[in-house]
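Undergrad: Take this structure first; my questions come after.
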Amino acid sequence: MPNLVAQIVLLAWPALTVLLFLRLPASKAIVATILLGLMVLPTRGGFDLPLLPPLDRFTAPVLSALLCCVLAVGMAKTSGRGGAAPAAPLHRPGWLPDSPLQRVLIAVMLLQPVATAATNGEAVVYGQKVLPGLSLYDAAAVTLETAIALVPMLLGRRYLSRPEDVDMLMRFMVGALLIYTIPILYEVRMSPQIHFMVYGFRPSDFIQALRGGGYRPLVLMNHGLALATLMALAIVAAASLASVAAPLKKGLAWAKAVWLTLVLLLMNSLGAVFLAAAAAPFAGFARRPLQATVAAALAAMVLLYPLSRAYDLFPTQQIVSAIGGQRAASLDYRFRNEDILLDKAIEKPIFGWGGWARNRVFHPETGRDMSVTDGTWIISLGVGGIVGFISRFGLLVAPLFMLWRLRNRPDLGAQTTGLALVLAINLVDLLPNSSQWPLTWLIVGVLTGQAETLRAAAPAAAAAARRMTPRRRGQPPPRPDPDAPAPAPAGPAPLRRRGPPAEAEPEAAVRRGAVRPGLGGMAGRRGATPPRRG
(Lines of atoms letter the chains of each structure in order from A and count residues from 1; the text may use other names and numbers.)
(Lines give C-alpha, C1' and ligand atoms only; values in the text may rest on other atoms or scores of the structure.)
Protein backbone atom coordinates (compact mmCIF):
# COMPACT_ATOMS: atom_id res chain seq x y z
CA MET A 1 0.00 0.00 0.00
CA PRO A 2 1.26 3.52 -0.73
CA ASN A 3 2.33 5.43 2.35
CA LEU A 4 1.52 8.97 3.40
CA VAL A 5 4.38 10.40 1.33
CA ALA A 6 2.86 8.98 -1.86
CA GLN A 7 -0.52 10.55 -1.09
CA ILE A 8 1.03 13.92 -0.26
CA VAL A 9 3.09 13.99 -3.45
CA LEU A 10 0.03 13.23 -5.58
CA LEU A 11 -2.05 15.88 -3.83
CA ALA A 12 0.72 18.48 -4.09
CA TRP A 13 1.40 17.94 -7.78
CA PRO A 14 -1.29 20.35 -9.07
CA ALA A 15 0.13 23.07 -6.82
CA LEU A 16 3.63 22.33 -8.11
CA THR A 17 2.33 22.58 -11.68
CA VAL A 18 0.81 26.00 -10.95
CA LEU A 19 4.17 27.12 -9.55
CA LEU A 20 5.93 25.92 -12.69
CA PHE A 21 3.53 27.88 -14.89
CA LEU A 22 4.08 31.00 -12.78
CA ARG A 23 7.87 30.76 -13.05
CA LEU A 24 8.38 29.32 -16.55
CA PRO A 25 6.97 29.85 -20.04
CA ALA A 26 4.04 27.61 -20.86
CA SER A 27 6.11 25.37 -23.14
CA LYS A 28 8.74 24.65 -20.48
CA ALA A 29 6.13 24.22 -17.75
CA ILE A 30 4.25 21.63 -19.82
CA VAL A 31 7.39 19.61 -20.46
CA ALA A 32 8.51 19.83 -16.84
CA THR A 33 5.25 18.72 -15.26
CA ILE A 34 4.69 15.80 -17.68
CA LEU A 35 8.27 14.51 -17.70
CA LEU A 36 8.84 14.91 -13.96
CA GLY A 37 5.44 13.38 -13.22
CA LEU A 38 6.45 10.29 -15.18
CA MET A 39 9.77 10.00 -13.34
CA VAL A 40 8.81 11.03 -9.79
CA LEU A 41 5.17 10.29 -8.95
CA PRO A 42 4.22 6.98 -7.27
CA THR A 43 3.17 4.20 -9.61
CA ARG A 44 0.15 3.17 -7.54
CA GLY A 45 -2.41 5.01 -5.50
CA GLY A 46 -4.63 7.89 -6.41
CA PHE A 47 -7.73 9.83 -5.53
CA ASP A 48 -11.14 9.29 -7.06
CA LEU A 49 -12.56 12.50 -8.48
CA PRO A 50 -16.23 13.01 -9.35
CA LEU A 51 -16.90 12.40 -13.05
CA LEU A 52 -13.14 12.00 -13.68
CA PRO A 53 -10.66 9.11 -13.69
CA PRO A 54 -8.54 8.67 -10.54
CA LEU A 55 -5.84 11.28 -9.95
CA ASP A 56 -2.65 9.24 -10.48
CA ARG A 57 0.86 9.59 -11.94
CA PHE A 58 -0.54 10.05 -15.46
CA THR A 59 -3.70 12.08 -14.95
CA ALA A 60 -2.35 14.47 -12.27
CA PRO A 61 0.31 16.13 -14.50
CA VAL A 62 -1.92 16.12 -17.59
CA LEU A 63 -5.02 17.62 -15.98
CA SER A 64 -2.93 20.15 -14.04
CA ALA A 65 -1.15 21.32 -17.19
CA LEU A 66 -4.42 21.55 -19.11
CA LEU A 67 -6.08 23.58 -16.36
CA CYS A 68 -3.14 26.00 -16.16
CA CYS A 69 -3.11 26.50 -19.94
CA VAL A 70 -6.86 27.12 -20.11
CA LEU A 71 -6.72 29.57 -17.20
CA ALA A 72 -3.73 31.38 -18.72
CA VAL A 73 -5.52 31.85 -22.04
CA GLY A 74 -8.70 32.98 -20.30
CA MET A 75 -6.85 35.52 -18.15
CA ALA A 76 -5.00 36.84 -21.20
CA LYS A 77 -8.27 37.35 -23.08
CA THR A 78 -9.90 39.02 -20.08
CA SER A 79 -6.98 41.38 -19.52
CA GLY A 80 -6.89 42.25 -23.21
CA ARG A 81 -10.44 43.62 -23.26
CA GLY A 82 -9.63 46.78 -21.38
CA GLY A 83 -6.26 47.62 -22.81
CA ALA A 84 -3.26 46.38 -24.69
CA ALA A 85 -2.17 43.71 -22.23
CA PRO A 86 -0.13 41.07 -24.06
CA ALA A 87 -1.81 37.73 -24.48
CA ALA A 88 -0.12 34.41 -23.84
CA PRO A 89 1.78 33.35 -26.97
CA LEU A 90 0.04 30.52 -28.81
CA HIS A 91 2.27 29.09 -31.48
CA ARG A 92 -0.50 27.14 -33.23
CA PRO A 93 -4.13 28.27 -33.47
CA GLY A 94 -6.91 26.09 -32.14
CA TRP A 95 -6.78 22.90 -30.13
CA LEU A 96 -7.26 20.28 -32.85
CA PRO A 97 -4.73 19.36 -35.56
CA ASP A 98 -5.05 20.90 -39.02
CA SER A 99 -4.94 17.51 -40.74
CA PRO A 100 -8.43 16.13 -41.52
CA LEU A 101 -7.07 12.59 -41.14
CA GLN A 102 -5.84 13.26 -37.62
CA ARG A 103 -9.17 14.80 -36.69
CA VAL A 104 -10.98 11.72 -37.99
CA LEU A 105 -8.66 9.43 -36.01
CA ILE A 106 -9.32 11.42 -32.83
CA ALA A 107 -13.07 11.17 -33.40
CA VAL A 108 -12.84 7.42 -34.00
CA MET A 109 -10.76 6.95 -30.83
CA LEU A 110 -13.42 8.75 -28.80
CA LEU A 111 -16.38 6.94 -30.39
CA GLN A 112 -14.90 3.44 -30.56
CA PRO A 113 -15.66 2.62 -26.87
CA VAL A 114 -19.36 3.22 -27.55
CA ALA A 115 -19.36 0.71 -30.42
CA THR A 116 -17.37 -1.76 -28.32
CA ALA A 117 -19.87 -1.52 -25.46
CA ALA A 118 -22.79 -1.95 -27.86
CA THR A 119 -21.32 -5.21 -29.21
CA ASN A 120 -20.26 -6.65 -25.82
CA GLY A 121 -23.35 -6.42 -23.66
CA GLU A 122 -23.31 -10.13 -22.77
CA ALA A 123 -21.43 -11.62 -19.82
CA VAL A 124 -18.61 -14.11 -20.47
CA VAL A 125 -18.36 -17.22 -18.26
CA TYR A 126 -15.25 -19.36 -17.75
CA GLY A 127 -16.08 -22.02 -15.17
CA GLN A 128 -16.60 -20.19 -11.89
CA LYS A 129 -15.31 -16.91 -13.31
CA VAL A 130 -17.87 -14.48 -14.73
CA LEU A 131 -16.82 -11.36 -16.63
CA PRO A 132 -19.63 -8.78 -16.81
CA GLY A 133 -20.95 -7.28 -20.01
CA LEU A 134 -20.29 -3.69 -20.95
CA SER A 135 -22.70 -0.81 -20.47
CA LEU A 136 -22.90 2.78 -21.66
CA TYR A 137 -21.35 3.84 -18.35
CA ASP A 138 -18.27 1.75 -19.21
CA ALA A 139 -18.17 3.36 -22.65
CA ALA A 140 -18.36 6.86 -21.16
CA ALA A 141 -15.57 6.06 -18.68
CA VAL A 142 -13.26 4.74 -21.41
CA THR A 143 -14.06 7.70 -23.66
CA LEU A 144 -13.15 10.13 -20.89
CA GLU A 145 -9.96 8.23 -20.17
CA THR A 146 -9.05 8.36 -23.86
CA ALA A 147 -9.75 12.09 -24.03
CA ILE A 148 -7.43 12.73 -21.08
CA ALA A 149 -4.74 10.58 -22.70
CA LEU A 150 -4.90 12.80 -25.81
CA VAL A 151 -4.45 16.05 -23.86
CA PRO A 152 -0.60 16.01 -24.00
CA MET A 153 -0.78 15.73 -27.78
CA LEU A 154 -3.04 18.76 -28.02
CA LEU A 155 -0.85 20.75 -25.61
CA GLY A 156 2.33 19.81 -27.46
CA ARG A 157 0.91 20.81 -30.83
CA ARG A 158 -0.45 24.13 -29.53
CA TYR A 159 2.40 25.32 -27.33
CA LEU A 160 5.55 23.58 -28.62
CA SER A 161 5.44 24.11 -32.38
CA ARG A 162 8.65 26.14 -32.79
CA PRO A 163 12.07 24.58 -33.54
CA GLU A 164 13.48 25.95 -30.29
CA ASP A 165 10.73 24.08 -28.42
CA VAL A 166 12.00 20.80 -29.86
CA ASP A 167 15.50 21.65 -28.68
CA MET A 168 14.16 22.51 -25.23
CA LEU A 169 12.21 19.25 -24.94
CA MET A 170 15.21 17.11 -25.80
CA ARG A 171 17.44 19.05 -23.42
CA PHE A 172 14.91 18.46 -20.64
CA MET A 173 14.95 14.74 -21.37
CA VAL A 174 18.73 14.51 -21.44
CA GLY A 175 19.15 16.62 -18.30
CA ALA A 176 16.53 14.69 -16.34
CA LEU A 177 18.08 11.33 -17.22
CA LEU A 178 21.58 12.60 -16.42
CA ILE A 179 20.36 13.42 -12.91
CA TYR A 180 18.58 10.06 -12.77
CA THR A 181 21.85 8.20 -13.40
CA ILE A 182 22.86 8.79 -9.77
CA PRO A 183 20.02 6.72 -8.23
CA ILE A 184 20.30 4.27 -11.14
CA LEU A 185 23.91 3.49 -10.29
CA TYR A 186 22.92 3.13 -6.63
CA GLU A 187 20.31 0.51 -7.50
CA VAL A 188 22.66 -1.29 -9.89
CA ARG A 189 24.91 -1.86 -6.89
CA MET A 190 22.43 -2.13 -4.00
CA SER A 191 19.29 -3.53 -5.76
CA PRO A 192 16.04 -1.62 -6.48
CA GLN A 193 15.09 -0.13 -3.12
CA ILE A 194 14.41 3.59 -3.67
CA HIS A 195 10.74 3.24 -4.61
CA PHE A 196 10.10 1.13 -1.52
CA MET A 197 12.03 3.51 0.73
CA VAL A 198 10.21 6.60 -0.55
CA TYR A 199 6.65 5.36 -1.19
CA GLY A 200 6.45 2.25 0.99
CA PHE A 201 5.72 -0.38 -1.69
CA ARG A 202 7.30 -2.15 -4.64
CA PRO A 203 5.69 -1.46 -8.03
CA SER A 204 6.63 -4.93 -9.36
CA ASP A 205 7.88 -8.26 -8.05
CA PHE A 206 11.46 -8.15 -6.87
CA ILE A 207 12.29 -11.24 -8.89
CA GLN A 208 11.69 -9.22 -12.08
CA ALA A 209 14.62 -7.00 -11.09
CA LEU A 210 17.06 -9.94 -11.16
CA ARG A 211 18.73 -10.20 -14.54
CA GLY A 212 22.09 -11.49 -15.74
CA GLY A 213 23.57 -11.96 -12.29
CA GLY A 214 22.80 -8.36 -11.34
CA TYR A 215 19.91 -5.98 -10.81
CA ARG A 216 17.67 -4.09 -13.18
CA PRO A 217 17.11 -0.63 -11.59
CA LEU A 218 13.76 1.14 -11.67
CA VAL A 219 14.21 4.06 -9.20
CA LEU A 220 10.72 5.66 -9.00
CA MET A 221 9.24 4.16 -12.18
CA ASN A 222 6.91 1.19 -12.42
CA HIS A 223 9.35 -1.27 -14.00
CA GLY A 224 12.98 -1.58 -14.94
CA LEU A 225 12.07 -2.05 -18.60
CA ALA A 226 10.21 1.27 -18.60
CA LEU A 227 13.22 3.08 -17.13
CA ALA A 228 15.56 1.45 -19.65
CA THR A 229 13.30 2.51 -22.52
CA LEU A 230 13.24 6.08 -21.23
CA MET A 231 17.03 5.99 -21.05
CA ALA A 232 17.19 4.82 -24.68
CA LEU A 233 14.99 7.75 -25.73
CA ALA A 234 17.31 10.14 -23.89
CA ILE A 235 20.37 8.65 -25.61
CA VAL A 236 18.87 9.26 -29.06
CA ALA A 237 17.95 12.80 -28.02
CA ALA A 238 21.49 13.39 -26.71
CA ALA A 239 23.01 12.16 -29.98
CA SER A 240 20.74 14.49 -31.96
CA LEU A 241 21.71 17.46 -29.79
CA ALA A 242 25.40 16.59 -30.10
CA SER A 243 25.17 16.55 -33.89
CA VAL A 244 24.09 20.22 -33.98
CA ALA A 245 26.09 21.49 -31.00
CA ALA A 246 28.53 24.38 -31.38
CA PRO A 247 32.15 23.33 -32.00
CA LEU A 248 33.25 24.35 -28.51
CA LYS A 249 30.37 22.42 -26.90
CA LYS A 250 30.34 19.37 -29.15
CA GLY A 251 32.73 17.39 -26.97
CA LEU A 252 30.61 17.90 -23.85
CA ALA A 253 27.43 17.03 -25.77
CA TRP A 254 28.89 13.76 -26.99
CA ALA A 255 30.21 13.02 -23.50
CA LYS A 256 26.63 13.20 -22.20
CA ALA A 257 25.45 10.73 -24.84
CA VAL A 258 28.31 8.35 -24.10
CA TRP A 259 27.69 8.53 -20.34
CA LEU A 260 24.00 7.73 -20.76
CA THR A 261 24.94 4.81 -23.02
CA LEU A 262 27.36 3.39 -20.46
CA VAL A 263 24.71 3.59 -17.75
CA LEU A 264 22.18 1.87 -20.02
CA LEU A 265 24.60 -1.01 -20.55
CA LEU A 266 24.62 -1.53 -16.77
CA MET A 267 20.82 -1.69 -16.57
CA ASN A 268 20.53 -5.26 -17.96
CA SER A 269 17.92 -4.48 -20.62
CA LEU A 270 18.83 -5.89 -24.02
CA GLY A 271 15.75 -4.50 -25.76
CA ALA A 272 16.50 -0.91 -24.74
CA VAL A 273 20.14 -1.32 -25.81
CA PHE A 274 18.94 -2.54 -29.20
CA LEU A 275 16.61 0.47 -29.58
CA ALA A 276 19.37 2.95 -28.72
CA ALA A 277 21.89 1.21 -30.98
CA ALA A 278 19.43 1.22 -33.88
CA ALA A 279 18.51 4.91 -33.72
CA ALA A 280 21.36 6.84 -32.06
CA PRO A 281 23.83 6.53 -34.99
CA PHE A 282 21.22 7.96 -37.36
CA ALA A 283 20.41 10.76 -34.92
CA GLY A 284 24.07 11.65 -34.51
CA PHE A 285 25.52 11.27 -38.00
CA ALA A 286 22.82 10.90 -40.68
CA ARG A 287 21.35 13.73 -42.72
CA ARG A 288 17.86 14.98 -42.05
CA PRO A 289 16.12 13.29 -45.02
CA LEU A 290 17.58 9.94 -44.03
CA GLN A 291 16.54 10.44 -40.40
CA ALA A 292 12.97 11.19 -41.45
CA THR A 293 12.98 8.15 -43.75
CA VAL A 294 14.21 5.81 -41.01
CA ALA A 295 11.57 7.13 -38.60
CA ALA A 296 8.82 6.61 -41.19
CA ALA A 297 10.09 3.10 -41.96
CA LEU A 298 9.95 2.16 -38.27
CA ALA A 299 6.43 3.60 -38.07
CA ALA A 300 5.35 1.48 -41.04
CA MET A 301 6.81 -1.60 -39.37
CA VAL A 302 4.79 -0.89 -36.22
CA LEU A 303 1.58 -0.55 -38.24
CA LEU A 304 2.20 -3.77 -40.17
CA TYR A 305 3.34 -5.84 -37.18
CA PRO A 306 -0.14 -7.18 -36.22
CA LEU A 307 -0.78 -8.22 -39.82
CA SER A 308 2.57 -10.01 -40.00
CA ARG A 309 1.83 -11.83 -36.73
CA ALA A 310 -1.66 -12.81 -37.84
CA TYR A 311 -0.30 -14.41 -41.05
CA ASP A 312 2.82 -15.80 -39.32
CA LEU A 313 5.17 -13.68 -41.42
CA PHE A 314 7.21 -12.26 -38.55
CA PRO A 315 10.36 -14.37 -37.87
CA THR A 316 9.70 -15.04 -34.18
CA GLN A 317 11.62 -18.33 -33.93
CA GLN A 318 14.63 -16.97 -35.79
CA ILE A 319 14.84 -14.01 -33.39
CA VAL A 320 14.54 -16.27 -30.33
CA SER A 321 17.25 -18.59 -31.65
CA ALA A 322 19.58 -15.67 -32.40
CA ILE A 323 19.27 -14.23 -28.87
CA GLY A 324 19.62 -17.41 -26.82
CA GLY A 325 19.86 -17.79 -23.05
CA GLN A 326 17.48 -16.47 -20.41
CA ARG A 327 16.44 -13.49 -22.53
CA ALA A 328 15.42 -15.84 -25.34
CA ALA A 329 13.13 -17.75 -22.99
CA SER A 330 11.51 -14.49 -21.86
CA LEU A 331 11.01 -13.32 -25.44
CA ASP A 332 9.61 -16.70 -26.50
CA TYR A 333 7.12 -16.51 -23.62
CA ARG A 334 5.99 -13.09 -24.90
CA PHE A 335 5.54 -14.40 -28.44
CA ARG A 336 3.48 -17.38 -27.24
CA ASN A 337 1.24 -15.05 -25.22
CA GLU A 338 0.78 -12.86 -28.28
CA ASP A 339 -0.33 -15.91 -30.25
CA ILE A 340 -3.12 -16.91 -27.86
CA LEU A 341 -4.21 -13.30 -27.32
CA LEU A 342 -4.28 -12.72 -31.07
CA ASP A 343 -6.48 -15.79 -31.52
CA LYS A 344 -8.83 -14.37 -28.88
CA ALA A 345 -8.86 -10.94 -30.56
CA ILE A 346 -9.78 -12.46 -33.93
CA GLU A 347 -13.04 -13.73 -32.41
CA LYS A 348 -14.25 -10.10 -32.27
CA PRO A 349 -12.05 -8.38 -34.85
CA ILE A 350 -13.87 -5.09 -35.50
CA PHE A 351 -14.53 -3.45 -32.11
CA GLY A 352 -12.80 -5.91 -29.77
CA TRP A 353 -13.80 -7.32 -26.39
CA GLY A 354 -13.69 -4.18 -24.25
CA GLY A 355 -12.53 -3.93 -20.64
CA TRP A 356 -12.97 -6.02 -17.49
CA ALA A 357 -10.18 -8.34 -18.76
CA ARG A 358 -12.53 -9.71 -21.42
CA ASN A 359 -9.66 -9.64 -23.94
CA ARG A 360 -7.56 -12.08 -21.90
CA VAL A 361 -7.51 -15.87 -22.20
CA PHE A 362 -8.95 -17.96 -19.35
CA HIS A 363 -9.17 -21.70 -18.81
CA PRO A 364 -12.67 -22.75 -19.92
CA GLU A 365 -13.28 -24.95 -16.85
CA THR A 366 -11.28 -23.52 -13.96
CA GLY A 367 -11.36 -19.85 -15.01
CA ARG A 368 -7.61 -19.51 -14.45
CA ASP A 369 -5.97 -16.63 -16.31
CA MET A 370 -3.67 -18.19 -18.90
CA SER A 371 -2.32 -15.02 -20.57
CA VAL A 372 -0.06 -12.07 -19.88
CA THR A 373 -0.72 -8.83 -21.78
CA ASP A 374 2.55 -6.96 -22.22
CA GLY A 375 2.52 -5.13 -25.55
CA THR A 376 0.37 -2.07 -26.13
CA TRP A 377 -0.49 -3.28 -29.63
CA ILE A 378 -2.08 -6.55 -28.48
CA ILE A 379 -3.92 -4.77 -25.66
CA SER A 380 -5.28 -2.19 -28.11
CA LEU A 381 -6.26 -4.85 -30.64
CA GLY A 382 -7.94 -7.08 -28.05
CA VAL A 383 -9.81 -4.31 -26.25
CA GLY A 384 -10.77 -2.10 -29.22
CA GLY A 385 -10.42 -4.38 -32.23
CA ILE A 386 -9.09 -3.28 -35.58
CA VAL A 387 -10.88 0.06 -35.26
CA GLY A 388 -9.26 0.76 -31.90
CA PHE A 389 -5.79 -0.29 -33.06
CA ILE A 390 -5.85 1.71 -36.30
CA SER A 391 -7.20 4.86 -34.67
CA ARG A 392 -4.69 4.80 -31.80
CA PHE A 393 -1.58 3.74 -33.66
CA GLY A 394 -2.54 5.72 -36.74
CA LEU A 395 -2.58 8.85 -34.62
CA LEU A 396 0.75 7.91 -33.05
CA VAL A 397 2.56 7.43 -36.36
CA ALA A 398 0.86 10.24 -38.33
CA PRO A 399 3.46 12.98 -37.61
CA LEU A 400 6.30 10.68 -38.70
CA PHE A 401 4.74 10.29 -42.15
CA MET A 402 3.96 14.02 -42.27
CA LEU A 403 7.62 14.85 -41.61
CA TRP A 404 8.75 12.27 -44.14
CA ARG A 405 6.80 14.12 -46.83
CA LEU A 406 8.66 17.30 -45.77
CA ARG A 407 12.07 15.62 -45.52
CA ASN A 408 13.66 17.72 -48.30
CA ARG A 409 12.57 21.06 -46.90
CA PRO A 410 15.63 23.21 -46.10
CA ASP A 411 13.93 24.65 -43.02
CA LEU A 412 13.33 21.21 -41.48
CA GLY A 413 15.53 21.26 -38.39
CA ALA A 414 17.88 18.45 -37.39
CA GLN A 415 16.38 18.48 -33.89
CA THR A 416 12.94 17.81 -35.39
CA THR A 417 14.10 14.74 -37.30
CA GLY A 418 16.04 13.64 -34.22
CA LEU A 419 12.88 13.85 -32.13
CA ALA A 420 11.11 11.85 -34.85
CA LEU A 421 13.63 9.06 -34.25
CA VAL A 422 12.93 9.31 -30.51
CA LEU A 423 9.22 8.80 -31.15
CA ALA A 424 9.89 5.99 -33.63
CA ILE A 425 11.81 3.82 -31.17
CA ASN A 426 9.22 4.57 -28.49
CA LEU A 427 6.58 3.17 -30.87
CA VAL A 428 8.71 0.12 -31.60
CA ASP A 429 8.86 -0.52 -27.85
CA LEU A 430 5.04 -0.57 -27.79
CA LEU A 431 5.18 -3.94 -29.55
CA PRO A 432 6.73 -5.95 -26.67
CA ASN A 433 6.03 -3.49 -23.83
CA SER A 434 3.52 -0.91 -22.61
CA SER A 435 5.55 2.31 -22.67
CA GLN A 436 2.71 4.51 -23.91
CA TRP A 437 3.17 7.49 -21.59
CA PRO A 438 1.91 11.07 -21.57
CA LEU A 439 5.43 11.90 -22.78
CA THR A 440 4.77 9.77 -25.87
CA TRP A 441 1.63 11.73 -26.74
CA LEU A 442 3.42 15.00 -25.97
CA ILE A 443 6.10 14.16 -28.56
CA VAL A 444 3.36 13.25 -31.05
CA GLY A 445 1.83 16.69 -30.55
CA VAL A 446 5.18 18.49 -30.80
CA LEU A 447 6.01 16.82 -34.11
CA THR A 448 2.51 17.50 -35.40
CA GLY A 449 2.96 21.19 -34.60
CA GLN A 450 6.35 21.21 -36.32
CA ALA A 451 4.89 19.68 -39.48
CA GLU A 452 2.00 22.15 -39.50
CA THR A 453 4.38 25.08 -39.04
CA LEU A 454 6.49 23.91 -41.98
CA ARG A 455 3.43 23.48 -44.15
CA ALA A 456 2.15 26.94 -43.26
CA ALA A 457 5.51 28.47 -44.16
CA ALA A 458 5.65 26.76 -47.56
CA PRO A 459 3.45 29.22 -49.55
CA ALA A 460 5.27 32.26 -48.15
CA ALA A 461 8.67 30.71 -48.88
CA ALA A 462 7.65 29.84 -52.43
CA ALA A 463 6.36 33.36 -53.05
CA ALA A 464 9.59 34.86 -51.70
CA ALA A 465 11.64 32.58 -53.93
CA ARG A 466 9.63 33.65 -56.98
CA ARG A 467 10.17 37.31 -56.15
CA MET A 468 13.93 36.88 -55.77
CA THR A 469 14.40 34.80 -58.93
CA PRO A 470 15.51 37.07 -61.85
CA ARG A 471 13.37 36.85 -64.99
CA ARG A 472 15.18 36.12 -68.22
CA ARG A 473 14.51 37.97 -71.47
CA GLY A 474 11.47 36.54 -73.18
CA GLN A 475 10.27 34.73 -70.05
CA PRO A 476 6.63 35.48 -69.17
CA PRO A 477 6.05 37.34 -65.92
CA PRO A 478 5.18 35.23 -62.85
CA ARG A 479 1.56 34.57 -62.12
CA PRO A 480 0.10 36.80 -59.44
CA ASP A 481 -0.42 35.27 -56.00
CA PRO A 482 -4.17 34.81 -55.46
CA ASP A 483 -3.71 35.23 -51.70
CA ALA A 484 -1.75 38.47 -52.02
CA PRO A 485 -3.62 41.74 -51.28
CA ALA A 486 -4.76 43.76 -54.26
CA PRO A 487 -2.49 46.68 -55.17
CA ALA A 488 -3.66 50.18 -54.35
CA PRO A 489 -5.27 52.06 -57.29
CA ALA A 490 -2.86 54.28 -59.11
CA GLY A 491 -3.48 58.03 -58.80
CA PRO A 492 -2.99 60.70 -61.46
CA ALA A 493 0.49 61.05 -62.83
CA PRO A 494 2.44 63.95 -61.28
CA LEU A 495 2.84 67.09 -63.39
CA ARG A 496 6.26 67.48 -64.98
CA ARG A 497 7.89 70.58 -66.41
CA ARG A 498 8.42 70.54 -70.12
CA GLY A 499 11.99 70.61 -71.17
CA PRO A 500 14.79 68.52 -72.53
CA PRO A 501 14.88 64.94 -71.30
CA ALA A 502 16.93 64.30 -68.19
CA GLU A 503 20.36 62.92 -68.85
CA ALA A 504 21.47 59.64 -67.40
CA GLU A 505 23.19 59.68 -64.04
CA PRO A 506 25.94 59.87 -63.04
CA GLU A 507 27.43 61.02 -66.39
CA ALA A 508 24.99 63.91 -66.74
CA ALA A 509 25.66 65.06 -63.20
CA VAL A 510 29.38 64.98 -63.83
CA ARG A 511 29.02 67.14 -66.94
CA ARG A 512 26.89 69.64 -64.97
CA GLY A 513 29.52 69.74 -62.21
CA ALA A 514 27.09 68.44 -59.61
CA VAL A 515 29.15 65.31 -58.92
CA ARG A 516 32.86 64.77 -59.15
CA PRO A 517 34.14 61.53 -60.59
CA GLY A 518 35.69 59.37 -57.92
CA LEU A 519 35.24 56.06 -56.10
CA GLY A 520 32.10 54.43 -57.40
CA GLY A 521 31.43 57.44 -59.65
CA MET A 522 29.83 59.40 -56.75
CA ALA A 523 32.68 61.16 -54.90
CA GLY A 524 31.16 64.61 -54.43
CA ARG A 525 27.84 66.47 -54.40
CA ARG A 526 26.38 69.68 -55.78
CA GLY A 527 28.26 72.68 -54.55
CA ALA A 528 31.58 70.90 -54.21
CA THR A 529 34.77 72.55 -55.49
CA PRO A 530 35.12 71.81 -59.23
CA PRO A 531 38.27 70.11 -60.42
CA ARG A 532 41.15 72.32 -61.45
CA ARG A 533 41.54 72.67 -65.23
CA GLY A 534 44.75 72.84 -67.10
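Every residue, even glycine, has its Cβ placed from backbone N, Cα and C.
The feature transmembrane segment is assigned by TrEMBL to 6-22, 29-46, 58-76, 168-186, 225-245, 257-278, 290-307, 377-404. Annotation comment: TrEMBL describes 458-467, 525-534 as compositional bias 'Low complexity'. For 458-534, the entry in TrEMBL reads region 'Disordered'. Residues annotated as compositional bias 'Pro residues' in TrEMBL: 475-492.
Could you place the listed features in the three-dimensional structure?
TA: Panel annotation: around the transmembrane segment (6-22), residues 28-29, 32-33, 37, 40-42, 44-47, 55-57, 60-61, 63-65, 67-69, 72, 198-201 of the same chain, lying at least six beyond its termini, place a Cβ under 8 Å from a Cβ of the stretch.
Listed by sequence, the residues of this chain that lie at least six past the ends of the transmembrane segment (29-46) yet keep a Cβ under 8 A from its Cβ atoms are 1-2, 6-7, 9-10, 13, 16-17, 20-21, 23, 54-62, 64-65, 68-69, 152, 155-156, 159-160, 168-169, 172-173, 176, 180, 195, 199, 201, 203, 219-222, 230, 437-439, 442.
For the transmembrane segment (377-404), the residues of the chain that approach it from at least six positions outside its boundaries are 99, 101-102, 105-106, 108-109, 112-113, 115-116, 153, 292-293, 295-296, 298-300, 302-303, 305-306, 338, 341-342, 344-345, 348-355, 359-360, 412, 416-417, 420, 423-424, 427, 430-431, 434, 440, 444, 447-448, 450-451, judged by C-beta separation under 8 angstroms.
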Undergrad: What stretch of 225-245, 257-278, 290-307 shows the most Cβ pairs under 8 Å to the transmembrane segment (168-186)?
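TA: Comparing 225-245, 257-278, 290-307: 225-245 has the most Cβ pairs near the transmembrane segment (168-186).
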